[in-house]
Amino acid sequence: MNQWNQLRAHRDGINGYIEMNGVRVSGASPTGLSHLNLDTDMYLGGVESVSQRYANILSTRAGFYGSITNLTINDVIYDLMYPGQAIAQFNAVMNSSFDLCMMTPCEHGGKCFVIDDKIQCRECPNGFLGDRCELRANVPYFQGGSISSIQSGSYMALQLELLIIRKSEFAAIFDIRPEQLSGLIMYSGSSPDFISLAMIGGKLEFRFNLGQGVTIISTDFNLELDQWHHIEVIRERLQGTLIVNNTFSFHGVAPGQWTNLDLKQAKVYLGGGLTHDANIIFQRTGVRVGFKGCIREVVAERADLRERPLDLTFAEKAGPTRVFHNVKKCGCKHLECQKWRKLHVEAERFPL
């Protein structure tokens, strides 16, 4: 639903098939007659009226609700614009610009409008934000800032066991929306082992050290700012993988033979970090500042190899498993977005 699908229908004598997005189902009519005699117009999307007889055959009286494009019959492409040479009648068909709202609707009940051929979602319901009303109001926004022993930056600290369970393997999924080219997204480290994910000059870098040297896996392109990106980081013994937007994958191999990541009792930091020696963090990760932007939908791997979403929601009082510092709520940043949602980007500061 609400996605484009490719439909093919084919008949040859009594045999035919229908194919949807490459999946084919075949059938055949009873033997005897093999010709199709038609003396009426072809209707697309619905018909003027349906008799009870044909309604029983079709199992419906309802017309199609959605968009149709790229109609091709017997290798002839038909222009579906009205008025046009191929269209004899036209009734209750939406303008193509308004089809955009139907094909990519606002989420969670937001109201969709097409202005200057662009979709705008207005009046997101309470508890939801974002350009498509897709964000829950408790998605954290990290403000960047320096990584130091002074609590001046923005970060979220988690117990190690929430994100890293096995020493020999690691897998996590992030959705990030960066606002600056450099910043630390995730970090955990002891001496000399560490693991990190950061943006450096626009590129995304996944680094880890198993005790015998640093492995750096980097994208060969810059991430677009102010856009959501789906990130996966995976380590299986010596092998490391970085996947961006379900499309681009990058790989690396750790030096040596040690396969365990020994972080002792270190914390896992999201969005930044807290350290007594900022130079060590810089030497390991290549950045001195925290991530500026939103992070949502962090998923780690459980001990039984199943996915386990991490709780990033804010609480009135931070517990021992989650600590927030200078973290705000993620909201839309653009003027139009603020205008229609009446949002205040300045959210309260959450306590430690």
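Each residue, glycine too, has its Cβ placed from N, Cα and C.
Note that this is a predicted model, so its numbers are computed, not measured.
The annotation domain 'Laminin G' is assigned in TrEMBL to 1-101 (among others).
Residues annotated as domain 'EGF-like' in TrEMBL: 97-134.
Positions annotated as disulfide bond by TrEMBL: C124-C133. A coil conformation is recorded for C124 (disulfide bond) in the three-state DSSP classification, outside any helix or strand.
Among the features that TrEMBL reports, domain 'Laminin G' is placed at 147-330 (among others).
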Including all protein chains shown, what's the count of other C-beta atoms within 10 A of the C-beta of C133 (disulfide bond)?
23
Number of Cβ atoms other than its own within 10 Å, given for C124 (disulfide bond):
27
If you average pLDDT over the domain 'Laminin G' (1-101), what do you get?
77
